[in-house]
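To keep things clear, I will list the structure first and then write my remarks on it.
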Amino acid sequence: MGSVVWGCVTDFFTYETTKSVVVKSWSVGIINRIVQLLIITYFVGWVFIHEKAYQVTDTGIESSVMTKVKGFGYHNNRVMDVADYVFPPQVCDLIPPLFLSHIPGVITGACIKNANEPKGWCEIEGWCPAENDSVTVKPMLDVKNFTIFIKNSIRFPLFDVTRGNFPSSMTSDQIKRCTYHPEQNPFCPIFRVGDVLNYTGQDVADLSAKGGEIGINIQWKCNLDQSIEKCVPQYSFTRLDAPFAKNAVSKGYNFRFAKYFKTDNGTEFRTLHKAYAIRFDVMVTGNAGKFDTIPTLINLVAAFTSVGLGTVLCDVILLNFLKGADQYKAKKFEEVVCFLLHTVTWIF
């Protein structure tokens with residue numbers, strides 16, 4: 001028992017050091033270099049694809065958006081302008097068609113019954129007349145020629161960088177004459193409604209029946225190691241309510257609003273509208289990155305450490321699968337036993 005314990009103690013207090021053995025083998029040498037090349041290639045490609053590998057990134061974007069709609073159209077033989085078809089003000093809800101509507105009212109608790117009638121009615125206090133869904137109004141299809149001006153400013157607080165969605169050198173005349181196009185004019189802030197709908201595969205005629213919600217996404221993806229002028233927005237468009245387009249209920253987009261007035265005798269009236277509208281939601285996303293030394297060093301160390309995997313793989317092959325494996329083991333592993341010599345000096 002004592003010898004076993006002593007053996008464990010001596011095995012624990014041992015030191016292992018690497019021993020280099022040069023093996024001149026074409027097959028193993030080729031495998032080693034191929035594995036190392038693949039690891040280095042993978043690392044370099046990964047760094048270039050994933051910017052976070054060498055950048056510090058700011059995703060806490062701060063943004064503000066202002067919109068302004070312009071255009072004229074005819075509706076029920078009347079000229080319509082911004083005050084008529086944008087509701088509420090400064091928000092992009094364009095109203096091509098209008099329908100009359102009502103609110104049912106509040107039950108007062110009183111029963112109205114004629115003397116010669118066996119049954120009565122529950123009294124309701126509300127606005128008259130009641131809603132008539134059969135009354136429709138022809139939509140104002142001129143909306144496709146309206147324009148939406150979008151003014152977007154963003155800030156990356158980590159780097160204290162601010163940008164706008166159109167160049168500061170752009171003059172007022174240039175803005176008035178331009179129209180956004182993804183290739184010919186990608187930085188123009190004026191968007192034609194018909195073009196936006198076409199980018200999403202929609203048109204005014206399809207949306208006039210029940211309305212719809214259109215998303216305008218402004219994406220900022222900025223590499224701040226490059227010129228700040230290359231930090232520019234990219235626009236994309238989608239129909240946000242597409243999952244409900246084929247639903248039997250609650251499809252499209254609509255809302256109610258009322259206009260009030262009084263007659264000379266003090267009687268209050270209102271016109272209640274149910275509007276099936278095109279709603280434009282402007283969404284801003286983005287991130288900014290800049291070179292940072294610390295993550296770069298960490299990834300470089302990881303890459304060079306991974307290169308050693310080629311040696312591990314080649315050792316496995318040499319020790320187990322090639323001819324002369326025993327000879328290689330004998331060369332690679334050598335056990336040296338150290339003896340403690342006591343020197344005794346005799347003095348006469």
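Placement of Cβ uses the backbone N, Cα and C atoms for every residue, glycine included.
Features reported for this protein in TrEMBL:
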- LYS68, VAL69, LYS70, THR147, ASN254, PHE255, ARG256, LYS274: ATP binding site (BINDING)
- CYS178-CYS188: disulfide bond (DISULFID)
- CYS222-CYS231: disulfide bond (DISULFID)
- ASN145: N-linked glycosylation site (CARBOHYD)
- 297-322: transmembrane segment (TRANSMEM)
Distance from CYS222 (disulfide bond) back to LYS70 (ATP binding site), taken between C-alpha atoms, in Å: 31
Pairwise C-alpha maximum, in angstrom, for the residues (LYS68, VAL69, LYS70, THR147, ASN254, PHE255, ARG256, LYS274) that bind ATP according to the record: 24
ASN254 (ATP binding site) versus recorded positions ASN145, CYS178, CYS231 - nearest by Cα: ASN145
Spatial neighbour of LYS274 (ATP binding site) that is closest, considering only the recorded positions ASN145, CYS178, CYS188, CYS222, CYS231 and their CA atoms: ASN145
All-chain count of other Cβ atoms within 10 Å of LYS70 (ATP binding site): 13
Those recorded positions listed as ASN145, THR147, and which of them has the most Cβ atoms within 10 Å of its own Cβ: THR147
Spatial neighbour of ASN145 (N-linked glycosylation site) that is closest, considering only the recorded positions LYS68, CYS188, PHE255, ARG256 and their CA atoms: LYS68
Whole-number Å value for how far CYS231 (disulfide bond) lies from LYS68 (ATP binding site) (Cα to Cα): 24
Other CB atoms, at most 10 A from the CB of ASN254 (ATP binding site): 17
Cβ neighbours of CYS222 (disulfide bond) where a neighbour is any other Cβ within 10 Å: 23
Cβ atoms near ARG256 (ATP binding site) (within 10 Å, other residues, all chains): 12
